[in-house]
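K.L.:
In case it helps, TrEMBL gives these features for our protein:
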- T150: active site, nucleophile (ACT_SITE)
- R178, L179, G180, D181, T201, G202, H203, G204: substrate binding site (BINDING)
Amino acid sequence: MATLVVHGGSGAPPEAEWQPRQAAVEGAREAGWAAMGGGALEAVLAAVRRLEDEPWLNAGFGAVLNQDQQPELDAAVMEGGQLRAGAVGAVKDVRHPVDLARAVMEDGRHVLIVGAGASAFAREKNIETVDPEFFIAEHRLHPRAPEQDTVGAVARDDSGRLAVAVSTGGMSGKWPGRLGDSPVPGAGFYADDRLGAVCSTGHGEGFLRLVLAYRVAEQMGLGGAPGQVADWALEELKQRTGLEGGFIAIDSGGRPGAAFNTRFMAWAYRVG
Ligand code: ASP
């Protein structure tokens, strides 16, 4: 049995935006599902790559800007068989940051590369780059309220392999150089075939302080149901830090789950 869960970020967008955000997530779920034949890793990458093209969502093309009105994008990918992971942070000029995260993972020397070094890595690996103006122009055209709408996907293929991918512009108006949880293993994402796959969204500082993605995976490994474990982690987030967010998760047997304690989180899943 294969399972794919996709989300378009937790937050409180105006109600008029709920439907297009949900439609974007469902489109990405189908794009991911179409790639499932290549395994869980291909499925999550295809889903997140599609979400990076959505103007509604805070990743790739739709990414929010920092306090200097500059894009600084973060992304990550992890597979749960050999625990390979790749992540990039604060990149200004990469069209699909999740492609760069994949290149970091496949290269294998490092897990997390940020800033100018990440851009140089993109050029070395022939990953598509753009003028940062590409991201800025979109915001002049469609200014948005500060929102937390990271995108992500978790999958289990029918061989039992797990994977997660995540991509974000981070928190709108953030300090230049700030990294949130999204590119940090154990905080923003985690995948281990023995435990489960998890993707976080929300106020990244809280997920970093509580190492929440790993803790959700660990609880699933002990038998917890994904949705219930995610609810527990959000309660922990609220109680310990006063912050909010959401999760999508799959356990090692392929059970899907999601939870959020913000007003809204677009998410969708498919099992088959
Ligand atoms: N977690 C992301 C960050 O803090 C934001 C989000 O999920 O929307 O950068």
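The count begins at 1 with the first shown residue.
A Cβ is built for glycine as well, from the same backbone N, Cα and C atoms used for every other residue.
Remember, TrEMBL labels are computer predictions, not curated facts.
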K.L.:
Pull out the binding-site residues from the set R178, L179, T201, G202 whose C-alpha sits within 10 Å of the C-alpha of T150 (active site, nucleophile).
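P.N.:
Within 10 Å Cα-Cα: T201, G202.
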K.L.:
For a Cβ distance below 6 Å to any atom of ligand 1, name the recorded positions from T150, R178, G180, T201 that qualify, or say none.
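P.N.:
Near the molecule: T150, G180, T201.
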K.L.:
What are the non-local neighbours of G180 (substrate binding site), defined as same-chain residues 6+ apart in sequence with CB under 8 A from its CB?
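P.N.:
G180 (substrate binding site) has long-range Cβ partners D74, T168, G170, M171, K174, G188, G204, E205, F207, L208.
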K.L.:
Could you tell me which three-state DSSP class T201 (substrate binding site) falls into?
P.N.:
strand
K.L.:
For the substrate binding residues given in the record (R178, L179, G180, D181, T201, G202, H203, G204), what is the largest pairwise C-alpha separation in angstrom?
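P.N.:
Output for substrate binders R178, L179, G180, D181, T201, G202, H203, G204: max Cα distance 16 Å.
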K.L.:
Using a 10 Å radius around its CB, how many other CB atoms surround G204 (substrate binding site)?
P.N.:
27
